[in-house]
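Peer 1: To start, I am sharing the structure in question, which I have written as structure tokens.
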Amino acid sequence: MFQHPHFIAAARSAELWVDWEEVSPAQLESYLIKLRKEEGYTIVGIEQTSGSVSMEQFDFPEKTAVVLGAEGKGVPATILPLFDVCVEIPQYGLIRSLNVHVTGALVMFEYARQFLM
């Protein structure tokens, strides 16, 4: 993925300064378990559920792994139990979904705001 021309164009060299790791859907479950158990990360799923917490009221732990769902499908139900918490982005109006790149940008901004600003 990191060598794909679309990724390189969109990243605008950010991939050179940020630690990235590509995980296939088949590897996701074992990867999240490893992050939590071996590296002490809190697994945060960005998903609307009956028990999700508003991002406005959530304090991100410094060691946070964020999982975003696929556009139109969200996070697979089999992955939800692996999350320490589900966080949702407050939305108003009739449509209650965002494009995954918009969701990712909002979550990363909020994380950075809490730790860097």
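Cβ coordinates come from backbone N, Cα and C, glycine included.
All TrEMBL annotations are machine predictions without curation.
Pulled these from TrEMBL:
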DOMAIN    3-109  domain 'tRNA/rRNA methyltransferase SpoU type'
Peer 1: Mind checking how the domain 'tRNA/rRNA methyltransferase SpoU type' (3-109) divides into helix, strand and coil residues in DSSP?
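Peer 2: In the domain 'tRNA/rRNA methyltransferase SpoU type' (3-109), the DSSP-based counts are 41 helix, 18 strand, 48 coil.
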Peer 1: Would you mind giving the whole-number mean pLDDT across the domain 'tRNA/rRNA methyltransferase SpoU type' (3-109)?
Peer 2: 88
